[in-house]
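Features reported for this protein in TrEMBL:
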- 68-316: domain 'G-protein coupled receptors family 1 profile' (DOMAIN)
- 52-75: transmembrane segment (TRANSMEM)
- 87-109: transmembrane segment (TRANSMEM)
- 129-147: transmembrane segment (TRANSMEM)
- 167-191: transmembrane segment (TRANSMEM)
- 233-255: transmembrane segment (TRANSMEM)
- 267-288: transmembrane segment (TRANSMEM)
- 294-318: transmembrane segment (TRANSMEM)
Amino acid sequence: VGWFSVAGHHPRSRSLSPFFPLQMTRLETLGNQTMVTEFLFSVFPPLHQGGLLFFIPLLLAYGFIITGNLVIVIVVQLDMALHTPMYFFISVLSFLEVGYTTTTIPKMLSSLVNEQKTISLAGCLLQMYFFHSLGITEGCVLTAMAIDRYVAICSPLRYPTIMTPKLCTQLTAGSCLCGFLLVLPEIAWIATLPFCGPNRIQQIFCDFTPVLSLACTDTSLVVIVDAIHAVEIVASFLAIALSYVRIIVVILGMPSAEGRRKAFSTCAAHLAVFLLFFGSVAVMYLRFSATYSVFWDTAIAVSFVILAPFLNPIIYSLRNKDMKDAIRRFFCRRRRAGGVRG
């Protein structure tokens, strides 16, 4: 095992961008072939060439994502007024957002401030696994939320007997099981592929397409896997979309204007999060043979990894009176408790 410069020391290597003239990467010699054991993120500029300009906003965004979503989780757990299926699913979604962003953003922050902008092969596989597992779980939880709203508005009298705590727990457990099992075969397959250079990932995190493009073997099987993922995404989208179409039809048929307004207000936040999540997923993963420039690939990834999780706490807190009131009560109790201790 040795340390080699990426550029000029391997027959398949290419010169790096001006950002990384001296970047070193770890290679492992196996027989007559040099195997890559680390990947290099080539889209991050060095700290002295603009990296700090990206680091500070990203750090602030990450802090807001973690704080905002954890506040929602804690408030839903502590406030009895929010102990309903709708808020239970919102708290689950917020908890998933914390894990989802933590799989990618800390490594991005590290790459912006460190000269070594690398990730090990094992670290890359783990990042892909947890990123996609949590993403699929989120999609399933959004489907469960659509079912909850469908039952609440289309069958209000049967709602308490259908959406029981037991069913909510089962739907959440099923979402997690689905998310963490569906992506496992693909990760296991990628783990068996040889990577012998070049090793530059032209993306802000490890993802299937950028990583598979670096494998020095046939990866045409990925077309079948992509088709399966496309079917999963479209099926979830259609299930949720059809639920909301039915919900909107029922709401429009309500005789009371106040009833229509209240029903629309409870669904608006869910609909906004649904469109934000599946819109970014569709642009990111339903491109098939279409290719984008590195700039647009990065921009789409930023909206998918950072923008959507950043907006979710804002949507759920600003668009929901009950949530705003509960957050206000939570901080008032904290201030009173601090005053008593003082």
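Cβ atoms are placed via backbone N, Cα and C, with glycine included.
Since this is a predicted model, take the numbers as computed values, not measurements.
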Feature contact check the transmembrane segment (233-255) with the transmembrane segment (167-191), CB under 8 Å, 3 or more pairs: no
Ranked first among 52-75, 87-109, 129-147, 233-255 for CB pairs under 8 angstroms with the transmembrane segment (267-288): 233-255
Same-chain residues near the transmembrane segment (129-147), Cβ under 8 Å, at least 6 residues beyond its ends: 86, 89-90, 92-93, 96-97, 99-100, 103-104, 168, 171-172, 174-176, 178-180, 182-184, 187, 205-208, 232-233, 236, 239-240, 243-244, 270, 273-274, 277-278, 281
